[in-house]
Amino acid sequence: MFRKISLILLMLTFAISEADNGYNLWLQYVQIEDVNVRQAYIEKLNQIVYLNDNETINVALDELNIGLSGMLGLSDVSALVNSEKINNESGLMLATYSTLSDGLKREFKSDFNKINEEGFIIKSVIINNVSQIIITGKTEVAVLYGTFRFLKLLQSHQSLNNLNIIDAPKIQKRVLNHWDNLDRTVERGYSGFSIWDWHRLPDYLDFRYTDYARANASVGINGTVLNNVNANANILTPQYLEKVAALAKVFRPYGIKVYLTARFSAPMEIGGLKTSDPLDEDVISWWKQKVKEVYQFIPDFGGFLVKANSEGQPGPQNYGRNHVDGANMLAEALNPFGGIVMWRAFVYSEHDTTDRAKQAYSEFVPFDGKFKDNVLIQVKNGAIDFQPREPFHPMFGAMPKTPLMMEFQITQEYLGQSTHTVFLPKFYEEVLKTDTYREGKGSTVAKVIDGSLNNQKLTGIAGVSNVGTDINWTGNVMLQANWYGYGRLAWNPDLKAENIANEWIRMTFSNDIAVVKTIEDILLMSHEAVVNYMTPFGLHHIMATGHHYGPGPWVANLSRPEWNPVYYHKADANGIGFDRTEKGSGATDQYAKEVSKEFSNLNSCPEEYLLWFHHLSWEYKLKSGVTLWDGLALKYQEGVNQVKQMVDYWKSLEGKIDQQRFKEVEMLLNIQLKEAKWWRDACLLYFQQFSKKQLPQGVEKSTKSLEEFKNMTFPFAPGN
Ligand code: GCV
């Protein structure tokens, strides 16, 4: 059958939209203003041919329909045709390898050798003297990824001539972690409630589920853990599995697998057993049976994510067993179905008096090589907890016989939540490119994660989602860039944050050079700004209690010592900082010797980690020649100045982007400026009690007293 739809140019006039609520994320597909650019694209797209009849190819065609009709002002773009029926007109062809003609198979052979199952090729070829653009890959999902990449070319106004794009993901499991509870609250969520409407599932399928899948597939995210790591066992009951299955069905065509968190005590809580001991025969067979049941509901279920023996969650240690016993028991149950276990290494105990930063390494590294092949150990980027800046976790590279997956936090628990604009790919990039030196120079964290350093067979990366029911998904349109950027780095951890920012802006806001440059400047300075006004020079965990919103360096009364900010900054009359050298907690010893030496030695320790690894006197001379006290105060001020700059840059965009998003971001940036000053003033007043020094020139004085800051409370702060 051949159906060619003529592409009708709609005479739409371009205008900057007055009200863009941000719902369409980076898949805006606004009409391309320049009629010549539009016409050049249209001439290349006289027909769309697809060679596979498959639900994934159908969603690729749907996306082309939305994208091309929007950007080119075309009416119905859908078309279908068999391979033999390519018309004598230029066009676009979607095809998996198996459906390509023998000639094309030969032509593409070497390209196919360069890609994996999810990799794609976008190539201009001549067939019957007519130029065609072919999007191909080994699987339908690869073709879908290629389709999104093709649309991006148009979204960013690039040429369609002589295309030759070959790209494949470097990491296998690219997942989002939702810390979503079954009552729809989201732990550390600042964008409304959970998008999973559990009560109305499975029969009511919110249109958001499809748009969520489109957004993820557009950046190559291929898995989603639907529920909180602080887990509720009910998710594993048939009542909920039916709902999970309905979501999995929506996501399947987009190449997205569903995962769940497994509460370790589920055999007792929903199974009626007397124990959840991982070595108990009844427990083992309960999990086997449960996993079988899960696969009956969701045949392509991805597996379990587990937080065990951490912050009060149950785990194998409750029965005198260890992480290996727990993870392997679940892995064995999942193995026959191809499922995996993502076992978290975020562990620390109030009964362990050693430095919290050392505990995960001490607990896990001795188990290297002991986990089953379908277990990934999920490690946070740093050893404490998603701080504005942290040195990389010493576990990376330290377990060569175990696949480690990265856990980044996209939601901004410790970074001003959904109010502050912080472009996180800049920080992710910083972590990924750091050299662990575990196998000599060049052993970057990225190579640990993509498995190339130690030839891992299984690889993964997780991002704790910032998505919620807010109309713009992330509570602040600027933070959509973090979801996007996480996905791009999960696909290729060697990408540059700068390029990610550039493409996101073009897709989300505009291709106008002035707009692109301005927003790029804001994004690229934003991470350094937040570090400066919150936690300069390696300070960490000095946020207010519980909700972690705003400063709380004075907090000293919490039941667990390592929950108190004073545990981390250790400010006193002699100075400030946590000594983690061999003279202190010895945490530096957990790194490879080159790194350990670099961090331990004051001459080589990067100043951004100074107080993470050293306790230094207020008089300590920084590289700039000023004292630590003056330097600290100047950094806080610099952070405020940077936000002022961000506000000014943003103001220059008025009239150049739609009014709604302009106004929303403007208001949020103004709050950010107010709160940057709050951070500066509260922290400096507090630390000044110990340093007993005046503020250096150039640092603005607080208009409030320390007491006033201490008395501020936020009883209903979100996400707590
Ligand atoms: C889901 C931090 C957060 C907790 C979170 C925990 C974790 O401690 O404050 O809300 O719990 O990390 O990652 O498990």
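Cβ from N, Cα, C; glycine included.
In TrEMBL, annotation is done automatically, which means it is predicted and not curated.
Taken from TrEMBL, the feature active site, proton donor covers E311. In the three-state DSSP assignment, the secondary structure recorded for E311 (active site, proton donor) is coil.
The active site, proton acceptor annotation in TrEMBL covers D385 (among others). D385 (active site, proton acceptor) carries neither a helix nor a strand DSSP state and counts as coil.
Annotation source TrEMBL lists active site, proton acceptor at E413 (among others). Classification of E413 (active site, proton acceptor) by DSSP places it in coil, neither helical nor stranded.
The domain 'Alpha glucuronidase N-terminal' feature in TrEMBL is assigned to 25-150.
The domain 'Glycosyl hydrolase family 67 catalytic' annotation in TrEMBL covers 154-473. Looking only at the domain 'Glycosyl hydrolase family 67 catalytic' (154-473), the predicted model's pLDDT averages out at 98.
The annotation domain 'Glycosyl hydrolase family 67 C-terminal' is assigned in TrEMBL to 474-699.
The signal peptide annotation in TrEMBL covers 1-19.
Within 10 Å of the C-beta of E311 (active site, proton donor) there are 14 other C-beta atoms, taking all protein chains into account.
When other Cβ atoms within 10 Å of the Cβ of D385 (active site, proton acceptor) are tallied across all protein chains shown, the result is 19.
E413 (active site, proton acceptor) sits 10 Å from D385 (active site, proton acceptor), counting Cα to Cα. Here the Cα atom of E311 (active site, proton donor) is found 12 Å from that of D385 (active site, proton acceptor). Helix, strand and coil content of the domain 'Alpha glucuronidase N-terminal' (25-150), in residues and according to DSSP, is 57 helix, 28 strand, 41 coil.
Cβ neighbours within 10 Å of E413 (active site, proton acceptor), excluding its own Cβ and spanning all shown chains: 23.
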